[in-house]
Amino acid sequence: MLRIYVSVFVFSVIIQSVCSYPTGAPNSACTHVTPEARHYKSTAGNVNPFFLKFSKHYYSHGDKIQVTLSGGQFNGFLIVARKTTDDAKNVGTFTDLPSEAKLTCDPTTGRGVTQTNANPKNSVTVNWVAPTDTTDDIVFKYSVVLDIASNYFANLNSTILRYASPLQGKFYKDSECGRSRGCYSNCLHDICDLETSWQDKGDNIEISLTAVLNNDGYVSLGFSNASLMGPATVYYCTLNNGSVSVIPGLTFGHRHTESNLSTSGISNEVSNYTDGILKCRFTVQKESSDPALFNLTDPWYLNAAKGPIQGDSLRFHGRIDRNVTSYRVNLSDVLTDEYFQPAVTSTAATSQTTSSATRATMTTLTNAATLTDTALTATALTASTKSSVVTPSGADAECGSTKGCFDNCNNGKCDLFVSWISKGEQIEFSLNTTTGHNGDYYLAVGFSETGKMGKASVVACTVNQDSIIDVYVSYNDDAYNNKQMKDLKTAVKLISGSYKDGVLQCTFTRVASIANNSYFFDLNEPWYFITARGPATLGCLMVIAWMLLASIGLGFARFLKPLWPSSMPCGVKVWFAMHRAFMVLAFLCGCAGFIIIFIQVKEYSTIVGAFYTKAHPILGIITTALLVINPFMSLLRCAPDNPRRPYFNWAHRAAGTISHILATIAITVGLYLPKSQVDNDAGLAIMIVYSAWHLCFFLIMSLLNDLKVNIIKRDTSSKKGNTYSLNHLDQADGAEPGGIKQAPVVPNAGLRQCLMFLHVCVLAALTGALLYYVIQGNV
């Protein structure tokens, strides 16, 4: 019997220690947010993997904010919210709880939330309603019980939730997006300048359109049977001469048609224009009485856009202000931003990027310690050169203790090393990398919500060809477009920098946060940590090869064969010598650029963005293939009098012309590749002028060629004893086997030479201008 009592006693103690409070923390734990020591075992000193994520990084009075606890498997939790100025009083109320959560800390007021059972959980999401009587910063305090052994993390602090002061020229994202409403919003850190949303209401669809507009314009949501806008049914929220209205429309290509469309299917309209923000919310029938409007019970591609109004006409929205879904969707689906893709994105996906596997806070030592080699994925990084070595984190005793570190090392040799340390309101970063070449280069660190360089706050250390080191702040939007923030130059300070023997090193400080700037991420919050590096001007070789060298070489071969008939440098005609020189240089530059890109990328590029940008890699491969084939083809050409010679002439000319056209398209498309830092509008303007000049030059020189042939034909019919061979003038070979017996007079020779000189000058100017924007965008 004694054994039974002892067994029962021991079992009850074990059960008490194991189960503790399986149905949630008691009210007594709410003050210090710490489990009772007799039931739980502290894991103080260990790295905390848990964090709270908010649906918004700010609050307004009465806002409902989604709070998610995650970071690993756990059994129990306790969460409360407090003002940073008052650590004793819980504020706000928790509501809309899932089955695994319940209210505590005075359940009648909902001041705290805890678990309802001891089952393992990977995450818990609850809703918190902000108080209406304060504008103080809010911090959430929480504790997490890990497992059945009752290990715990206690009295942890979340990132700070700040009161949302009124925005100028922006608005806050609808908190219902992705929850009860399908949405597309052009936002950064939940601060937006465009938002379209919809919600299924049975026989109707409720549509909400919001955009920042400084002048007359519109914001629209379209429903199309193709991923490009047209034909489509579109609903517009318009601002015209101070008047706000909702109108249905149709699009055909880029043309808008609004006339004779019924508005009877539009109801419950609420519209206004205040402080530069246009808003319309209205309901439309799924099956409109107007047969011209699409039936919204069917799945469609969705197009979100905004654009200007001139007079009474809706104008084309442009490339940047339009986004489309990548597939047809039902309007009953609740979609979010990631289902939309930009209508066009912006170049060179040749940089190498690495991101942390988990979020980390740069200012928290324990979290910084998690970002050592094992916590980072480094599959995208390979040593550029092993002859140059930078300090590995293993040689720095402070890595993982006082510093956060990441390196890409192999057998004690590294080609990338990044470290950071919190210094109060600033973070000090040290960046080191091997570049593998001389010239413009950068190493950037980014802070991202997704672990990708899209939608990231970035700081980059750069070196130019003069070995001048600089550091600058920028941000990447969803389409990987990088925008320098020159007005925040004072937010970073270069402490030291050097570039020697192919190794770039720089140390700088970055302020942890800037008030009311959503593009400069607050490093007091957890982010994915990203590194990116690469040459700043890999595309320069391709631009020089095709825009300048190949264009000049083709001009000599196509239009200047009859000129300088008596001059035979190196035994070949002048046109052939010039054509060969420029095409050899183009061949070398093109092949070098192609090889460097493949060394950097290591595989065929998968590009995210508009459909035509995805053609850039294959255009580059085809162009380079023709660039390689054509010179070898010329080595196999037959003699001038061979009957098969015309076939060679056409094949050689076709390969050259096609490769030149494809190269021009590839360069233009390259302006819009992900991660491009080239000014898209300026680059496109240069390529349009370049193409227009080529067309004009080709037409003028072709007319002069036709005029030459007609003059020579008249001469041959009038001068009976004094004829000239056209083969001598138009021969495709460089050499004249029989020597030059007589030099015929070439009509308009001076004009041809002047035009060719002008052609070279224009090409040099346009090439130089594009190179300027390529280099400027990466400095």
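Don't overthink the numbers, they just go from 1 along the chain as shown.
Note that Cβ sites are derived from N, Cα and C of the backbone, with glycine treated the same way.
Worth saying up front: this structure is predicted, and the values here are computed from it rather than measured.
Copied over from TrEMBL, here are the features:
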{"type": "DOMAIN", "residues": "15-173", "note": "domain 'Reelin'"}
{"type": "DOMAIN", "residues": "192-307", "note": "domain 'DOMON'"}
{"type": "DOMAIN", "residues": "414-534", "note": "domain 'DOMON'"}
{"type": "SIGNAL", "residues": "1-20", "note": "signal peptide"}
{"type": "TRANSMEM", "residues": "536-560", "note": "transmembrane segment"}
{"type": "TRANSMEM", "residues": "581-601", "note": "transmembrane segment"}
{"type": "TRANSMEM", "residues": "607-629", "note": "transmembrane segment"}
{"type": "TRANSMEM", "residues": "650-672", "note": "transmembrane segment"}
{"type": "TRANSMEM", "residues": "684-704", "note": "transmembrane segment"}
{"type": "TRANSMEM", "residues": "754-775", "note": "transmembrane segment"}
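Remote same-chain residues near the transmembrane segment (684-704) are listed as 547, 551, 555, 558-559, 664, 667-668, 671, 747-748, 751-752, 755, 759, 762-763, 766, 769-770, 773 (criterion: CB distance under 8 Å, separation of at least six residues from the stretch ends).
Residue counts for the domain 'DOMON' (192-307) under DSSP, split into helix (H, G, I), strand (E, B) and coil, are 0 helix, 75 strand, 41 coil. Taken as a whole, the domain 'Reelin' (15-173) shows an average pLDDT of 79 in this prediction.
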